Amino acid sequence: MIRDDPLKQTYIKLPNKSLLLAACAACIGGTFQYGYNISVINAPTMYVQNFMNQTWRERYQIDVSQEFLTLLWSTIVSMFTLGGFIGVTIGGTLSVKLGRKGTLLTNNVFALVAALLMGLSYPTGLFELLIIGRLFTGINAGIAICVQPLYLGEIAPTAFRGAMGMGTSIFITGGILTGQVVGLKEILGREEYWPILLATTCIPAFLQLLILPWFPESPRYLLIDKGDTEGCKKALKQLHGIADCDAEWEDIEKEKNNLKGVKAKKPWELLADRSARWQLLTIILLNAAQQLNGINAIYFYADYIFKQAGIPNDKISYVTVGTGACECITALTCGMLIECLGRKVLITGGYTLMSICCILFTLTLSFQDASPVVPYLSMACVFAFILSFGGVTNILTTELFTQTTRPAAYMIAGSVNWFSFFFIGLVFPFIVIGLQQYCFLVFLAICSLVVIYIFLVVPETKNKTFLEIHNEFQPSSSRKASSVDGAGTTLLSGPL
């Protein structure tokens, strides 16, 4: 795989089977859990509220007030966000202490404890177990979304790094879709099954514990962080095959030489590092935009749009599954196109399409009663927006940083993402009440800002090593001052 020869890039070479299986093993107990636990809580909403009311009545011989019931339910839902924020703040540190693979395996403890607590809530009559269980699922999701993309980005060869990194988004959307399907009445969506439904989060955890131990730790972590030369070579041979491991070994060795004597940075040290300010600004903007771009508003309005289009109430859950399938299709499509079109084109293209959808959605909602056709146009906008919502952000967090700064970068990016998730959940209802359909003009401004920023500031990272990408962000004077040694390693004169 010679990156400089365009003639050798005309054929498509598939990644090693062992590499794909390792990625799947990491994802099934990683970001799949994140997506699954976001969507699976929606189906049993009414049943869980009935259980809390019944439990309250048995304890105090009085029905719980509607306001306090809403508060209890909001607490159960929001605990996931709080747990996620806790998870990302410890995920980066754990990934340095335990390794990427070790952290992913240890993380399953939170999922198993959560499944046990939520499964026992009904038979014990303790709805408080649901609150604690959702907190643990959040911690599990927070660690997973911090460490799993780190692992995928570090085990992947440069030529497949984008496609492998899209595994994060593919499994998130796959988790969302699975949660929607399992929550249907025909499967586990009935009242008597809701404790089992919430406890099914243990299944991906068990699968990862069975499969992931057969695959190696991140080769970059083994060589650069631990100095384990033999372990790194063995991992590269298993993941990439004997024929293709030499080029990756050279890349990792170059990065190790360049980072000699540099320790893994803490988040506050990275925030104070002036040489990484543009990379940090990029991931902060993209992670905030991932939650603030209007996707939550689309889902908020979806039920109303589907009702207006004449879909019966008992059939709306099936159409909602269709929206989850659209997200899956988008992630899979991006995964297939990312090494061909590049990251920059997919991000700017996606946000441009979402900007257009925001304009059209504002118009169709404003004239919803003007014609029988308009609700169907609104419905088309829902699916068009979801199809435009790509998931390339996570791979950029891997690519824009080097080995010593990457865990801290994921902690910062994850914290921004979870805080934005919490913020939009808190503020969004008030935005809708105040602006109604014109709330999409706010999201239009956010999507347009991302397009302009990515176009002007962020370089294309396709087929570039981590050091080459790092050099792209350095001042021109620093790049001119950098020297090249005999092995072709770019030595940066500026501070890391």
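Positions of Cβ are set from backbone N, Cα and C atoms, glycine also.
As annotated by TrEMBL, transmembrane segment applies to 18-36 (among others). Packing against the transmembrane segment (18-36) from elsewhere in the chain are residues 84, 101, 104, 107-108, 111, 137, 140-141, 144-145, 147-149, 151-152, 155-157, 160, 164, 167-179, 201, 204-205, 207-209, 211-212, 214-216, 238-241: each is 6 or more residues past its ends and has a CB under 8 Å from a CB in it.
Marked as domain 'Major facilitator superfamily (MFS) profile' by TrEMBL: 23-462.
Here TrEMBL flags 71-92 (among others) as transmembrane segment. Long-range contacts of the transmembrane segment (71-92) within its own chain (CB-CB distance under 8 A, at least 6 residues past either end) are made by residues 34, 37-38, 41, 45, 48-49, 52, 64, 103, 110, 127, 130-132, 134-147, 267, 407-408, 410-411, 414-415, 417-419, 421-422, 425.
Residues or ranges marked as transmembrane segment in TrEMBL: 104-123 (among others). Residues 26, 29-30, 33, 51, 87, 94, 98, 129-130, 132-137, 139-140, 143-144, 147-148, 151, 194-196, 198-202, 204-206, 208-209, 212-213 of the same chain, all 6+ positions outside the transmembrane segment (104-123), place their C-beta atoms under 8 angstroms from a C-beta of that stretch.
Residues annotated as transmembrane segment in TrEMBL: 129-151 (among others). Listed by sequence, the residues of this chain that lie at least six past the ends of the transmembrane segment (129-151) yet keep a Cβ under 8 A from its Cβ atoms are 26-27, 29-31, 33-34, 37, 41, 48, 75-77, 79-92, 94-95, 100-101, 103-104, 107-108, 110-111, 113-118, 120-121, 165, 168, 198, 201, 205, 218, 394-395, 397-398, 406-407, 410-411, 414, 417-418.
Summarising the annotation, TrEMBL assigns transmembrane segment to 163-182 (among others). Residues 15, 19, 23-24, 26-28, 30-40, 42-43, 145, 148-149, 152-153, 155-156, 188-189, 197, 200, 317, 320-321, 324-325, 327-328, 330-332, 334-336, 338-339, 390-392, 394-395, 398-399 of the same chain, all 6+ positions outside the transmembrane segment (163-182), place their C-beta atoms under 8 angstroms from a C-beta of that stretch.
Here TrEMBL flags 194-215 (among others) as transmembrane segment. Sequence-distant contacts of the transmembrane segment (194-215), counting only residues of its own chain at least 6 positions beyond either end whose CB sits under 8 Å from a CB of the stretch, comprise 18, 21-22, 24-26, 28-30, 32-33, 36-37, 40-41, 43-44, 47-48, 51, 101, 104-105, 108, 111-112, 114-116, 118-123, 130, 133, 137, 140, 182-183, 188, 238-239.
Look at TrEMBL and you will find 345-367 (among others) tagged as transmembrane segment.
Residues or ranges marked as transmembrane segment by TrEMBL: 373-396 (among others).
For 408-432 (among others), the entry in TrEMBL reads transmembrane segment. Counting same-chain residues at least six beyond the ends of the transmembrane segment (408-432), those with a Cβ under 8 angstroms from any Cβ of the stretch are 78, 81-82, 84-85, 87-89, 91-93, 95, 142, 145-147, 149-150, 264-267, 269-271, 276, 279-280, 283-284, 287-288, 290-292, 296-297, 300, 397, 400-401, 439, 442.
Away from its own ends, the transmembrane segment (438-458) comes close to residues 278, 281-282, 285-286, 289, 292-294, 297, 344, 347-348, 351-352, 354-355, 358-359, 361-362, 365, 396, 431-432 of its chain (Cβ-Cβ under 8 Å, at least six residues beyond either end). Residues or ranges marked as transmembrane segment in TrEMBL: 438-458 (among others).
Taken from TrEMBL, the feature region 'Disordered' applies to 477-496.
Among residues of the same chain six or more beyond the transmembrane segment (345-367), those with a C-beta under 8 A of the stretch's C-beta atoms are 286, 289, 293-294, 298, 301, 334, 337-338, 374-375, 377-378, 381-382, 384-385, 388-390, 392-393, 396, 436-438, 440-441, 443-444, 447-448, 450-451, 454-455, 458. Across the domain 'Major facilitator superfamily (MFS) profile' (23-462), the model assigns an average pLDDT of 90.
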